[in-house]
Amino acid sequence: MTGSSRNPSSAGGPIPAAPPSSPSQARFLPSALSVSALVTGLLTALVGYAGSVAVVVQGLAAAGADTAQIASALVAVGFCKGVSAIWLAWRQRQPISIAWTTPGMALLGATGPVAGGFPAVVGAFLAVAVLIMVAGLWTPLGRWIAAIPKPLASAMLAGLLLKLCLAPFLAMMQAPGMGLLILATWAVVGRVARLYAVPAAVAMAFAAMALDPPLSGMLPTTPWPSLLPVVPAFTWEAMVGLALPLFVVTMASQNIPGLAVLATYGYTARVRPTFLATGLFSALGAPFGAPTVNLAAITAAMCAGPDADPRPERRWQAAAAGGLGYIALTALATITATLVTRSPPILIEAVAGLALIGAFGGSLLAAVQAEEERIPALVTLLVTASGLSLFGVGSAFWGLLFGGAMHVLHRRRPASAAPAGA
(Lines of atoms letter the chains of each structure in order from A; the text may use other names.)
(Lines give C-alpha, C1' and ligand atoms only; values in the text may rest on other atoms or scores of the structure.)
Protein backbone atom coordinates (compact mmCIF):
# COMPACT_ATOMS: atom_id res chain seq x y z
CA MET A 1 0.00 0.00 0.00
CA THR A 2 2.71 2.44 1.00
CA GLY A 3 4.83 1.27 -1.90
CA SER A 4 2.13 2.10 -4.42
CA SER A 5 1.50 5.52 -2.95
CA ARG A 6 5.17 6.36 -3.26
CA ASN A 7 5.42 5.16 -6.84
CA PRO A 8 3.46 7.56 -9.01
CA SER A 9 5.57 6.67 -11.98
CA SER A 10 3.72 3.46 -12.84
CA ALA A 11 1.94 4.19 -16.11
CA GLY A 12 -1.81 4.06 -15.70
CA GLY A 13 -1.48 3.10 -12.04
CA PRO A 14 -3.28 6.06 -10.49
CA ILE A 15 -6.42 5.61 -12.60
CA PRO A 16 -7.40 2.01 -11.79
CA ALA A 17 -6.33 2.51 -8.20
CA ALA A 18 -8.94 5.25 -7.65
CA PRO A 19 -12.19 3.26 -7.37
CA PRO A 20 -11.13 0.60 -4.84
CA SER A 21 -9.80 3.07 -2.26
CA SER A 22 -12.91 5.20 -1.85
CA PRO A 23 -15.74 6.76 -3.84
CA SER A 24 -14.51 9.32 -6.32
CA GLN A 25 -16.46 12.05 -4.55
CA ALA A 26 -14.24 11.64 -1.50
CA ARG A 27 -11.34 13.02 -3.47
CA PHE A 28 -13.02 16.42 -3.47
CA LEU A 29 -13.89 16.57 0.21
CA PRO A 30 -11.96 19.17 2.26
CA SER A 31 -10.03 16.41 4.05
CA ALA A 32 -8.74 15.17 0.67
CA LEU A 33 -7.61 18.60 -0.49
CA SER A 34 -4.03 19.76 -0.17
CA VAL A 35 -3.87 23.46 0.65
CA SER A 36 -0.17 23.63 -0.19
CA ALA A 37 -0.83 22.04 -3.59
CA LEU A 38 -3.63 24.51 -4.34
CA VAL A 39 -1.48 27.50 -3.38
CA THR A 40 1.46 26.17 -5.41
CA GLY A 41 -0.77 25.64 -8.43
CA LEU A 42 -2.18 29.17 -8.32
CA LEU A 43 1.34 30.56 -7.91
CA THR A 44 2.47 28.47 -10.88
CA ALA A 45 -0.26 30.00 -13.04
CA LEU A 46 0.68 33.52 -11.95
CA VAL A 47 4.40 32.97 -12.53
CA GLY A 48 3.82 31.26 -15.87
CA TYR A 49 1.49 34.03 -17.06
CA ALA A 50 3.48 37.02 -15.87
CA GLY A 51 6.80 35.51 -16.88
CA SER A 52 5.94 34.91 -20.53
CA VAL A 53 2.80 36.84 -21.51
CA ALA A 54 4.96 39.56 -23.06
CA VAL A 55 6.60 36.93 -25.29
CA VAL A 56 3.19 35.67 -26.41
CA VAL A 57 1.77 39.14 -27.09
CA GLN A 58 4.91 40.25 -28.89
CA GLY A 59 4.87 37.12 -31.06
CA LEU A 60 1.21 37.55 -31.99
CA ALA A 61 1.70 41.25 -32.73
CA ALA A 62 4.73 40.51 -34.92
CA ALA A 63 2.59 38.01 -36.85
CA GLY A 64 0.04 40.72 -37.68
CA ALA A 65 -2.62 40.31 -34.98
CA ASP A 66 -4.33 43.50 -33.80
CA THR A 67 -5.17 44.32 -30.17
CA ALA A 68 -8.62 42.73 -30.24
CA GLN A 69 -7.27 39.56 -31.85
CA ILE A 70 -4.49 39.33 -29.27
CA ALA A 71 -7.00 39.69 -26.43
CA SER A 72 -9.13 36.98 -28.04
CA ALA A 73 -6.08 34.73 -28.34
CA LEU A 74 -5.20 35.23 -24.66
CA VAL A 75 -8.75 34.31 -23.63
CA ALA A 76 -8.86 31.22 -25.83
CA VAL A 77 -5.42 29.95 -24.86
CA GLY A 78 -6.17 30.59 -21.17
CA PHE A 79 -9.28 28.42 -21.29
CA CYS A 80 -7.51 25.76 -23.35
CA LYS A 81 -4.59 25.61 -20.94
CA GLY A 82 -6.85 25.62 -17.92
CA VAL A 83 -9.34 22.98 -19.00
CA SER A 84 -6.70 20.65 -20.43
CA ALA A 85 -4.58 20.95 -17.26
CA ILE A 86 -7.55 20.18 -15.01
CA TRP A 87 -8.64 17.25 -17.17
CA LEU A 88 -5.19 15.64 -17.54
CA ALA A 89 -4.22 16.13 -13.89
CA TRP A 90 -7.53 14.73 -12.63
CA ARG A 91 -7.72 11.89 -15.15
CA GLN A 92 -4.14 10.64 -14.70
CA ARG A 93 -3.75 11.71 -11.04
CA GLN A 94 -0.39 13.23 -11.93
CA PRO A 95 0.86 16.85 -11.76
CA ILE A 96 0.69 17.39 -15.52
CA SER A 97 1.12 21.13 -15.98
CA ILE A 98 0.09 22.78 -19.24
CA ALA A 99 1.54 25.95 -20.75
CA TRP A 100 1.48 27.92 -23.96
CA THR A 101 4.43 27.42 -26.29
CA THR A 102 6.74 30.23 -25.17
CA PRO A 103 9.61 29.09 -27.46
CA GLY A 104 7.09 28.83 -30.28
CA MET A 105 5.94 32.39 -29.67
CA ALA A 106 9.57 33.51 -29.63
CA LEU A 107 9.93 31.80 -33.01
CA LEU A 108 6.81 33.60 -34.23
CA GLY A 109 8.19 36.93 -33.04
CA ALA A 110 11.51 36.29 -34.77
CA THR A 111 9.82 35.13 -37.99
CA GLY A 112 7.52 38.16 -38.24
CA PRO A 113 4.71 38.50 -40.81
CA VAL A 114 4.16 35.60 -43.18
CA ALA A 115 2.47 35.44 -46.57
CA GLY A 116 -1.26 35.38 -45.97
CA GLY A 117 -1.10 37.50 -42.80
CA PHE A 118 -2.50 36.47 -39.43
CA PRO A 119 -5.03 34.03 -41.00
CA ALA A 120 -2.05 32.06 -42.37
CA VAL A 121 -0.55 32.01 -38.87
CA VAL A 122 -3.84 30.64 -37.53
CA GLY A 123 -3.67 27.99 -40.25
CA ALA A 124 -0.17 27.11 -39.03
CA PHE A 125 -1.49 26.84 -35.44
CA LEU A 126 -4.13 24.38 -36.65
CA ALA A 127 -1.52 22.36 -38.54
CA VAL A 128 0.66 22.14 -35.42
CA ALA A 129 -2.34 20.98 -33.39
CA VAL A 130 -3.02 18.21 -35.91
CA LEU A 131 0.64 17.16 -35.91
CA ILE A 132 0.64 16.92 -32.12
CA MET A 133 -2.44 14.68 -32.23
CA VAL A 134 -0.77 12.57 -34.92
CA ALA A 135 2.29 12.29 -32.68
CA GLY A 136 0.01 10.90 -29.99
CA LEU A 137 -1.71 8.43 -32.32
CA TRP A 138 1.29 7.46 -34.43
CA THR A 139 4.14 6.58 -32.10
CA PRO A 140 6.85 6.54 -34.83
CA LEU A 141 6.34 10.29 -35.33
CA GLY A 142 6.85 10.90 -31.62
CA ARG A 143 9.99 8.75 -31.75
CA TRP A 144 11.19 10.66 -34.81
CA ILE A 145 10.85 13.97 -33.00
CA ALA A 146 12.60 12.51 -29.96
CA ALA A 147 15.40 11.32 -32.29
CA ILE A 148 16.25 14.87 -33.45
CA PRO A 149 19.66 15.50 -31.87
CA LYS A 150 19.09 17.60 -28.79
CA PRO A 151 22.08 19.89 -29.54
CA LEU A 152 20.50 20.84 -32.90
CA ALA A 153 17.05 21.50 -31.45
CA SER A 154 18.63 23.50 -28.63
CA ALA A 155 20.80 25.44 -31.07
CA MET A 156 17.79 26.33 -33.21
CA LEU A 157 16.00 27.63 -30.13
CA ALA A 158 19.08 29.58 -29.00
CA GLY A 159 19.38 31.17 -32.43
CA LEU A 160 15.77 32.28 -32.29
CA LEU A 161 16.10 33.65 -28.77
CA LEU A 162 19.34 35.57 -29.33
CA LYS A 163 17.72 38.63 -30.91
CA LEU A 164 15.07 38.91 -28.19
CA CYS A 165 17.63 38.46 -25.41
CA LEU A 166 19.57 41.45 -26.74
CA ALA A 167 16.47 43.66 -26.52
CA PRO A 168 16.76 44.57 -22.79
CA PHE A 169 20.10 46.22 -23.46
CA LEU A 170 19.01 47.88 -26.69
CA ALA A 171 16.05 49.32 -24.75
CA MET A 172 18.45 51.32 -22.59
CA MET A 173 19.49 53.20 -25.73
CA GLN A 174 16.02 53.84 -27.14
CA ALA A 175 14.10 54.38 -23.87
CA PRO A 176 16.80 54.85 -21.22
CA GLY A 177 14.56 55.59 -18.22
CA MET A 178 12.05 52.79 -18.63
CA GLY A 179 14.60 50.32 -19.96
CA LEU A 180 16.96 50.81 -17.04
CA LEU A 181 14.10 50.63 -14.52
CA ILE A 182 12.86 47.31 -15.92
CA LEU A 183 16.37 45.85 -16.05
CA ALA A 184 17.18 47.03 -12.51
CA THR A 185 13.95 45.53 -11.15
CA TRP A 186 14.75 42.20 -12.77
CA ALA A 187 18.32 42.20 -11.43
CA VAL A 188 17.48 43.25 -7.85
CA VAL A 189 14.48 40.95 -7.38
CA GLY A 190 16.41 38.11 -9.01
CA ARG A 191 19.15 38.52 -6.40
CA VAL A 192 16.61 37.97 -3.61
CA ALA A 193 14.10 35.56 -5.21
CA ARG A 194 15.03 34.38 -8.68
CA LEU A 195 11.61 32.87 -9.35
CA TYR A 196 9.92 36.27 -9.07
CA ALA A 197 12.46 38.29 -11.08
CA VAL A 198 10.61 38.16 -14.40
CA PRO A 199 7.11 38.66 -12.91
CA ALA A 200 8.47 41.68 -11.01
CA ALA A 201 9.97 43.10 -14.20
CA VAL A 202 6.66 42.53 -16.00
CA ALA A 203 4.75 44.25 -13.19
CA MET A 204 7.16 47.20 -13.26
CA ALA A 205 6.86 47.48 -17.04
CA PHE A 206 3.06 47.36 -16.93
CA ALA A 207 2.96 49.93 -14.12
CA ALA A 208 5.28 52.26 -16.01
CA MET A 209 3.24 51.86 -19.19
CA ALA A 210 -0.09 52.39 -17.42
CA LEU A 211 1.15 55.55 -15.70
CA ASP A 212 2.74 56.97 -18.83
CA PRO A 213 0.47 59.85 -19.97
CA PRO A 214 0.28 58.83 -23.63
CA LEU A 215 -0.85 55.35 -22.60
CA SER A 216 -3.00 55.99 -19.54
CA GLY A 217 -5.79 57.42 -21.69
CA MET A 218 -5.74 54.41 -24.01
CA LEU A 219 -6.88 51.80 -21.49
CA PRO A 220 -10.06 50.06 -22.66
CA THR A 221 -13.36 51.35 -21.34
CA THR A 222 -14.74 47.79 -21.47
CA PRO A 223 -12.04 45.56 -20.01
CA TRP A 224 -13.94 42.29 -20.46
CA PRO A 225 -12.47 40.34 -23.36
CA SER A 226 -14.38 38.60 -26.12
CA LEU A 227 -13.59 35.82 -28.56
CA LEU A 228 -13.03 36.87 -32.18
CA PRO A 229 -12.92 34.07 -34.76
CA VAL A 230 -10.27 34.19 -37.46
CA VAL A 231 -10.83 32.24 -40.67
CA PRO A 232 -7.62 30.24 -41.16
CA ALA A 233 -5.66 30.36 -44.41
CA PHE A 234 -3.31 27.60 -45.50
CA THR A 235 -0.22 28.63 -47.48
CA TRP A 236 2.80 26.47 -48.19
CA GLU A 237 5.09 29.23 -46.90
CA ALA A 238 3.34 29.20 -43.52
CA MET A 239 3.19 25.40 -43.42
CA VAL A 240 6.88 24.86 -44.19
CA GLY A 241 8.36 28.05 -42.76
CA LEU A 242 6.23 28.31 -39.62
CA ALA A 243 4.14 25.22 -38.83
CA LEU A 244 6.98 22.69 -39.08
CA PRO A 245 9.46 24.74 -36.99
CA LEU A 246 6.67 25.47 -34.48
CA PHE A 247 5.93 21.76 -34.19
CA VAL A 248 9.60 20.84 -33.76
CA VAL A 249 10.18 23.59 -31.19
CA THR A 250 7.02 22.67 -29.27
CA MET A 251 7.91 18.99 -29.16
CA ALA A 252 11.63 19.42 -28.53
CA SER A 253 11.47 22.38 -26.14
CA GLN A 254 8.19 21.79 -24.31
CA ASN A 255 6.60 18.34 -24.63
CA ILE A 256 9.68 16.13 -24.42
CA PRO A 257 11.34 18.19 -21.62
CA GLY A 258 7.97 18.31 -19.86
CA LEU A 259 7.83 14.52 -19.82
CA ALA A 260 11.43 14.45 -18.59
CA VAL A 261 10.65 16.84 -15.72
CA LEU A 262 7.76 14.63 -14.60
CA ALA A 263 10.03 11.57 -14.78
CA THR A 264 12.55 13.35 -12.58
CA TYR A 265 9.96 13.38 -9.80
CA GLY A 266 8.87 9.80 -10.39
CA TYR A 267 5.87 10.31 -12.68
CA THR A 268 5.29 8.75 -16.08
CA ALA A 269 2.58 10.59 -17.99
CA ARG A 270 0.72 8.56 -20.59
CA VAL A 271 1.91 10.02 -23.88
CA ARG A 272 -1.03 9.17 -26.15
CA PRO A 273 -3.88 10.76 -24.13
CA THR A 274 -1.64 13.68 -23.14
CA PHE A 275 -0.70 14.59 -26.72
CA LEU A 276 -4.24 13.97 -27.95
CA ALA A 277 -5.65 16.31 -25.30
CA THR A 278 -3.14 19.12 -25.88
CA GLY A 279 -3.50 18.77 -29.65
CA LEU A 280 -7.30 18.79 -29.44
CA PHE A 281 -7.44 21.87 -27.21
CA SER A 282 -4.88 23.60 -29.44
CA ALA A 283 -7.15 22.92 -32.41
CA LEU A 284 -10.17 24.27 -30.52
CA GLY A 285 -8.36 27.49 -29.59
CA ALA A 286 -6.56 28.13 -32.89
CA PRO A 287 -9.60 29.59 -34.76
CA PHE A 288 -9.65 32.35 -32.12
CA GLY A 289 -5.94 33.09 -32.58
CA ALA A 290 -4.73 30.98 -29.65
CA PRO A 291 -1.20 29.60 -29.88
CA THR A 292 -0.43 25.96 -29.21
CA VAL A 293 -0.80 24.52 -25.71
CA ASN A 294 1.65 21.88 -24.54
CA LEU A 295 3.31 20.36 -21.51
CA ALA A 296 5.00 22.87 -19.23
CA ALA A 297 8.75 22.40 -18.98
CA ILE A 298 9.88 24.93 -16.37
CA THR A 299 6.85 25.55 -14.15
CA ALA A 300 6.13 21.79 -14.21
CA ALA A 301 8.78 21.36 -11.52
CA MET A 302 6.81 23.62 -9.17
CA CYS A 303 3.76 21.34 -9.26
CA ALA A 304 5.66 18.05 -9.37
CA GLY A 305 8.12 18.80 -6.57
CA PRO A 306 7.80 18.21 -2.83
CA ASP A 307 7.03 21.88 -2.16
CA ALA A 308 3.59 21.31 -3.71
CA ASP A 309 2.85 18.52 -1.23
CA PRO A 310 5.05 16.01 0.61
CA ARG A 311 2.71 13.25 -0.62
CA PRO A 312 3.30 12.54 -4.33
CA GLU A 313 -0.22 11.18 -4.83
CA ARG A 314 -1.75 14.59 -4.07
CA ARG A 315 0.46 16.79 -6.22
CA TRP A 316 -1.93 16.45 -9.15
CA GLN A 317 -4.09 18.98 -7.31
CA ALA A 318 -1.38 21.61 -7.85
CA ALA A 319 -1.57 21.17 -11.63
CA ALA A 320 -5.38 21.27 -11.50
CA ALA A 321 -5.28 24.46 -9.40
CA GLY A 322 -2.87 25.93 -11.94
CA GLY A 323 -5.50 25.26 -14.59
CA LEU A 324 -8.08 27.15 -12.56
CA GLY A 325 -5.60 30.01 -12.23
CA TYR A 326 -5.08 30.21 -15.99
CA ILE A 327 -8.84 30.38 -16.54
CA ALA A 328 -9.14 33.19 -13.96
CA LEU A 329 -6.32 35.15 -15.61
CA THR A 330 -8.27 35.38 -18.88
CA ALA A 331 -10.11 38.31 -17.29
CA LEU A 332 -6.92 40.37 -17.76
CA ALA A 333 -6.65 39.63 -21.48
CA THR A 334 -7.97 42.93 -22.84
CA ILE A 335 -5.97 45.14 -20.46
CA THR A 336 -2.81 43.10 -21.07
CA ALA A 337 -3.20 43.21 -24.85
CA THR A 338 -3.93 46.95 -24.85
CA LEU A 339 -0.96 47.88 -22.66
CA VAL A 340 1.48 45.67 -24.50
CA THR A 341 0.47 46.51 -28.07
CA ARG A 342 0.31 50.29 -27.48
CA SER A 343 3.62 50.54 -25.68
CA PRO A 344 7.00 51.15 -27.30
CA PRO A 345 7.87 47.84 -29.02
CA ILE A 346 11.39 47.82 -27.62
CA LEU A 347 10.03 47.77 -24.04
CA ILE A 348 7.87 44.74 -24.78
CA GLU A 349 10.80 43.04 -26.45
CA ALA A 350 12.93 43.93 -23.41
CA VAL A 351 10.53 42.23 -21.00
CA ALA A 352 10.24 39.26 -23.34
CA GLY A 353 14.02 39.08 -23.57
CA LEU A 354 14.42 39.07 -19.79
CA ALA A 355 11.87 36.26 -19.57
CA LEU A 356 13.87 34.25 -22.11
CA ILE A 357 17.44 34.77 -20.87
CA GLY A 358 17.29 31.60 -18.79
CA ALA A 359 15.89 29.64 -21.73
CA PHE A 360 18.60 31.06 -24.00
CA GLY A 361 21.35 30.10 -21.56
CA GLY A 362 20.00 26.59 -21.13
CA SER A 363 19.61 26.14 -24.89
CA LEU A 364 23.10 27.45 -25.60
CA LEU A 365 24.64 25.16 -22.99
CA ALA A 366 22.76 22.13 -24.31
CA ALA A 367 23.79 23.03 -27.86
CA VAL A 368 27.56 23.20 -27.32
CA GLN A 369 28.06 20.84 -24.40
CA ALA A 370 28.80 17.74 -26.51
CA GLU A 371 32.08 18.35 -28.35
CA GLU A 372 31.24 16.00 -31.23
CA GLU A 373 28.02 17.94 -31.93
CA ARG A 374 29.44 21.41 -31.38
CA ILE A 375 30.08 22.37 -35.02
CA PRO A 376 26.67 21.18 -36.32
CA ALA A 377 25.00 22.92 -33.39
CA LEU A 378 26.86 26.18 -34.02
CA VAL A 379 25.94 26.06 -37.71
CA THR A 380 22.30 25.59 -36.70
CA LEU A 381 22.49 28.48 -34.24
CA LEU A 382 24.20 30.90 -36.64
CA VAL A 383 21.94 30.14 -39.60
CA THR A 384 18.86 30.51 -37.40
CA ALA A 385 20.09 33.74 -35.80
CA SER A 386 21.00 35.19 -39.21
CA GLY A 387 17.35 35.55 -40.19
CA LEU A 388 18.01 33.73 -43.47
CA SER A 389 14.87 33.37 -45.57
CA LEU A 390 14.82 31.38 -48.81
CA PHE A 391 11.74 30.66 -50.93
CA GLY A 392 9.58 32.20 -48.23
CA VAL A 393 10.81 29.70 -45.63
CA GLY A 394 12.17 31.12 -42.36
CA SER A 395 15.60 30.70 -40.81
CA ALA A 396 14.52 28.16 -38.17
CA PHE A 397 13.88 25.55 -40.85
CA TRP A 398 17.12 26.26 -42.70
CA GLY A 399 19.12 26.27 -39.50
CA LEU A 400 17.84 22.82 -38.64
CA LEU A 401 18.40 21.62 -42.22
CA PHE A 402 22.00 22.88 -42.50
CA GLY A 403 22.82 21.75 -38.99
CA GLY A 404 21.33 18.33 -39.73
CA ALA A 405 23.49 18.05 -42.86
CA MET A 406 26.59 18.87 -40.80
CA HIS A 407 25.48 16.33 -38.20
CA VAL A 408 25.30 13.60 -40.87
CA LEU A 409 28.70 14.56 -42.32
CA HIS A 410 30.35 14.56 -38.91
CA ARG A 411 28.86 11.18 -38.06
CA ARG A 412 30.05 9.58 -41.28
CA ARG A 413 33.57 10.98 -41.17
CA PRO A 414 34.98 8.72 -38.40
CA ALA A 415 33.53 5.61 -40.09
CA SER A 416 35.20 6.40 -43.44
CA ALA A 417 38.45 7.38 -41.76
CA ALA A 418 38.67 4.18 -39.71
CA PRO A 419 39.91 1.83 -42.49
CA ALA A 420 42.62 4.27 -43.55
CA GLY A 421 43.89 4.45 -39.99
CA ALA A 422 43.91 0.67 -39.78
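Even glycines carry a Cβ here, placed using N, Cα and C.
As written in TrEMBL, here are the features:
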REGION    1-23  region 'Disordered'
TRANSMEM  28-50  transmembrane segment
TRANSMEM  70-90  transmembrane segment
TRANSMEM  97-115  transmembrane segment
TRANSMEM  121-140  transmembrane segment
TRANSMEM  177-193  transmembrane segment
TRANSMEM  200-219  transmembrane segment
TRANSMEM  239-263  transmembrane segment
TRANSMEM  275-298  transmembrane segment
TRANSMEM  318-340  transmembrane segment
TRANSMEM  347-369  transmembrane segment
TRANSMEM  375-403  transmembrane segment
Looking at the transmembrane segment (239-263) and the transmembrane segment (275-298), are there 3+ C-beta pairs under 8 A, with each pair at least 6 apart in sequence? yes
Please give the sequence-distant neighbours of the transmembrane segment (347-369): residues at least 6 beyond its ends with Cβ less than 8 Å from one of its Cβ atoms. 51-52, 54-55, 57-58, 61, 102-103, 106, 109, 150-152, 154-155, 157-158, 161-162, 164-168, 170-171, 175, 178-179, 182-183, 186, 197-198, 201-202, 205, 209, 253, 298, 340, 377-378, 380-381
Mind pulling out the one from 70-90, 121-140, 177-193 with the most Cβ pairs under 8 angstroms to the transmembrane segment (318-340)? 70-90
One stretch in 97-115, 177-193, 275-298, 375-403 has more Cβ pairs under 8 Å to the transmembrane segment (70-90) than the rest, namely 275-298
